[in-house]
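Annotation source TrEMBL lists transmembrane segment at 86-103, 115-140, 160-179, 371-393, 405-428, 440-461, 473-495, 524-547.
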Amino acid sequence: MESYALRSLSISASSSASFLSLRRSPSRSSLSLLMPSFPVYSSPTVRSLSISSLRFTLRVTASSASSSPQKHNSPQSSSPPQGAKLIPLAISVSIGLIVRFLIPKPVPVTSQGWQLLSVFLFTISGLVLGPLPVGAWAFIGLTASIVTKTLSFSTAFSAFTNELIWLIAISFFFARGFIKTGLGDRIATYFVKWLGKSTLGLSYGLAFCETLMGLIMPSTMARAGGVFLPVIKSLSLSAGSKPGDPSSRKLGSFLIQTQLQCSGTSGALLLTSAAQNLLCLKLAREVGVVLTNPWVSWFKAASVPAFASLVCTPLIIYKLYPPELKHTPEAPAAAAKKLERLGPITKNEWTMLGAMAFTVSLWVFGEAIGIASVVSAMIGLSTLLVLGVINWNDCLSDKSAWDSLTWFAVLIGMAGQLTNLGVVAWMSDCVAKLLQSLSLTWPVSFVILQACYLLIHYLFASQTAHAGALYTAFLAMHIAAGVPGVLAALCLAFNNNLSAAMAHYSSGPAALYYGAGYVDLKDMFRLGIVMAFVQALIWGFVGSFWWRFLGLY
């Protein structure tokens with residue numbers, strides 16, 4: 001029997017915590033990784049895996065006197081470099097200066113608009129090249145727009161009062177509560193219990209679970225890091241599939257790739273499933289494209305192609321990137337035991353579920369009673385704070401929320417001013433004239449522009465940065481080429497989600513899943529570009545019939 005064979009299943013409990021233990025045969029090292037704290041203890045005769053509390057720890061110990069000693073570097077000996085990276089900094093500054101002083105200003109564009117475009121390109125270049133963290137570089141771009149007197153202080157900071165910015169930040173706080181209460185882990189475990197008998201069935205269970213959780217956990221990054229990566233790690237290790245090891249192909253690499261590829265579809269299904277969706281909606285309004293009852297309109301347009309994609313994606317990856325382990329009969333039993341350990345739903349979980357259900361109801365029906373989406377989110381967050389499900393320190397410690405608020409606001413503010421100053425209109429006119437000179441019909445122009453928008457994502461390390469930088473311009477180009485406005489706005493937003501897995505840096509979830517160590521870099525790029533075009537074909541083919549039925553064109 002192979003060394004990773006499942007030998008026994010035992011349950012033990014103490015007054016402080018209970019855990020699930022899966023024992024396997026021999027190994028020479030002792031590794032403890034909790035799942036989100038899951039210790040793996042090994043000796044020459046036994047290895048055990050236990051699932052316990054919601055935190056990550058890593059402990060390595062020697063199993064015998066003959067074990068090789070571990071060498072540890074002193075923190076002082078490898079201190080990270082301080083300040084900006086000089087080469088990316090020089091390139092970003094050069095791009096801004098070249099646009100401002102060496103490229104002649106087009107006649108239709110004002111001096112202020114051209115100067116803002118140079119600052120904007122300087123900022124975007126830095127976001128792509130990364131001389132500093134995203135939030136820090138965005139603040140420098142904001143400062144440059146004020147120092148050069150391109151924008152006044154009040155105009156530059158006006159986007160910080162934007163409702164969308166605060167809706168995104170509050171979404172992060174909701175996600176924190178969802179993780180803290182353990183409700184997300186419980187829902188994922190139920191899906192494993194129901195659909196986990198085979199590897200393919202397990203992948204479908206996790207994919208559809210994430211889709212459902214998009215309704216109550218509006219952050220793809222939070223869903224990946226707080227719920228699904230810990231679950232996938234636990235299942236993979238219990239099957240003997242280890243990161244950075246040939247055994248990774250046994251189960252872990254397949255589940256990682258499937259979950260990553262499906263995360264783009266789950267993010268595109270609902271308006272509130274991903275932060276960039278709300279950004280796209282706001283930018284579309286600035287161009288003059290307004291969705292009536294946006295939550296329902298978005299869901300109707302995305303539902304059929306998204307469902308087709310969710311059905312096809314795990315099966316396609318199963319063929320392109322097959323797991324070595326085809327059946328996981330122990331997974332449902334392990335999930336059932338974990339649910340026993342979790343016990344009944346706690347008061348905080350019920351409160352979290354009730355608050356999210358109420359908030360989502362307001363998101364769906366709020367327009368009819370005059371309640372804006374951000375006010376709905378504020379009511380839900382206030383409920384969680386008053387009832388103690390989360391506290392203010394939880395909100396303050398969520399660096400991602402405050403960092404996102406900063407650089408989202410900077411990008412939205414600059415993009416909005418480029419529109420107001422006529423730069424976006426000039427760009428769209430140029431593209432429209434080019435397309436007209438080629439005598440292309442609007443469907444052909446639509447395909448070309450959508451393909452360009454997808455491929456250009458290789459220049460961005462964030463879907464939101466991509467949308468903030470180019471969504472407005474591409475939407476204007478679509479409209480100038482004769483594409484129906486609502487169709488163009490929705491398809492660009494869907495496209496923005498489907499680019500999530502093109503590379504290891506394409507999105508927050510992509511970086512997180514790649515960092516787990518189960519997928520090689522070459523496989524990330526190979527499957528990323530193949531699946532991006534597969535997704536585009538599925539959405540384009542199925543969507544063309546569905547959107548025609550809905551009257552979008």
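Glycine is no exception: its Cβ is also placed from the backbone N, Cα and C atoms.
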For the transmembrane segment (405-428), out of 115-140, 473-495, 524-547, most C-beta pairs under 8 A are with 115-140
Same chain only, please: residues at least 6 beyond the ends of the transmembrane segment (524-547) with a C-beta under 8 Å from a C-beta of the stretch. Say none if there are none. 257, 261, 264-265, 301, 304-305, 308-309, 312-313, 316-317, 320-321, 447, 450-451, 454, 487, 491, 494-495, 498-499, 501-504, 506, 510, 514, 553
Residues from the same chain, set at least six apart from the ends of the transmembrane segment (473-495), whose C-beta lies under 8 A from its own: 268, 276-277, 280-281, 283-284, 287-289, 291, 297-298, 301-302, 305, 424-425, 427-429, 431-432, 435-436, 440-442, 445-446, 449-450, 452-454, 467, 536, 539, 543, 547, 552-553
Counting Cβ pairs under 8 Å to the transmembrane segment (440-461), which of 86-103, 115-140, 160-179, 371-393 comes out on top? 115-140
Do any residues, 6 or more residues outside the transmembrane segment (86-103), come within under 8 Å Cβ-to-Cβ of it, and if so which ones? 114-115, 117-119, 121-122, 125-126, 129-132, 144
